[in-house]
Amino acid sequence: MEIFNTVASLKNFVAHARAERKTIGLVPTMGALHRGHISLIHRAVAECDICVASVFVNPTQFNDKRDLECYPRTPEADAAVLAEAGCHAVFMPSVEEVYPEPDTRVFDLGSVAEVMEGKHRPGHFNGVAQVVSKLFMMVEPDKAYFGEKDFQQIAVIRSMVNLLGLPVTIVACPIIREEDGLALSSRNVRLGSEERAIAPSIARILGQSRTLRPAHTPEAVTRWVTESLNALPHLQVEYFEIVDGNSLQRIDNWQDTDHAVGCITVYCGEVRLIDNIKYED
């Protein structure tokens, strides 16, 4: 596996791959890699001739300076994990390499970027669009792979791709979970022992909420999930919304969509965890 720290060296690698008519799959990450990331690498390796990963903690998508400072960084371990997973190249740049000048672009990402995470983390999705668009222009991938734990982010990136007219297919990959149900996240390492013990309750309560669907409205299910989690120690729901999986607009009736998704953000102690559940039949 080759490791690149500069845009020029990455573009040179991509140019050679393109000259050989090879397809390229891109897996953008912020590092602190876990089995969820590796599942994306395996999918890209299976579907494309060349798999390129990026490891970059993007400062423009953090609206909380402390969250940026606390985000785990393990570049040496990440490189080893990627090599073992069969990745062909990894881009591990400095902030200055990605942003030689401040990125002042403001994207019109539509309503999918204004709700849920967009409402609670102002500027977050514009920062995501800034860095992902840069990566897409550097690598020019045929496909790019993202995990469905970040369900709203995938919708936002698809909106950006349509806005810019980029020739890349966005591939959404299933959530990977611990045996106890907790969605894998780089932030999980920050959980204390008591918090880690209670965190799987998020997925458990979401799973139980499926059984309420036949006899309860989305509003009633939303209320039950929120109250059930808030009643547990260390957990505080920031939001839980049941939305149409395409528009991400809240639904009042199950009949409003055949693709209902419940999206949640919960503080477990001081660690912000996200998850989601599909309510499809």
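In case you wondered, yes, glycine gets a Cβ from its N, Cα and C as well.
The active site, proton donor annotation in Swiss-Prot covers His37. Proximity of His37 (active site, proton donor) to non-local residues of its own chain (separation of 6 or more, Cβ distance below 8 Å) is seen for Val27, Thr29, Val81, Gly147, given in sequence order. Look at His37 (active site, proton donor): DSSP puts it in a helix.
Positions annotated as ATP binding site by Swiss-Prot, on the basis of sequence analysis: 30-37, 147-150, Ile176, 184-187. Sequence-distant neighbours of Glu148 (ATP binding site): residues of the same chain at least 6 apart with a C-beta under 8 Å from its C-beta are Ile154, Ala172, Cys173, Pro174, Ile175, Asn276.
As annotated by Swiss-Prot, beta-alanine binding site applies to Gln61, with the evidence given as sequence analysis. In sequence order, Gly123, His124, Phe125, Gly127, Val128, Gln130, Val131 are the residues of the chain that are 6 or more apart from Gln61 (beta-alanine binding site) and have a CB within less than 8 Å of its CB.
The annotation (R)-pantoate binding site is assigned in Swiss-Prot to Gln61, Gln153 on the grounds of sequence analysis.
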Measure from the CA atom of Gln153 ((R)-pantoate binding site) to the CA atom of Ile176 (ATP binding site) and give the result in Å, rounded to a whole number.
-> 16
Cβ contacts of Gln153 ((R)-pantoate binding site) (under 8 Å, same chain, 6 or more positions away) | Glu117, Phe125, Val128, Phe146
With neighbours defined as other CB atoms within 10 A, the best-packed of the binding-site residues Met30, Leu33, Gly36, Ile176, Ser186 is Leu33
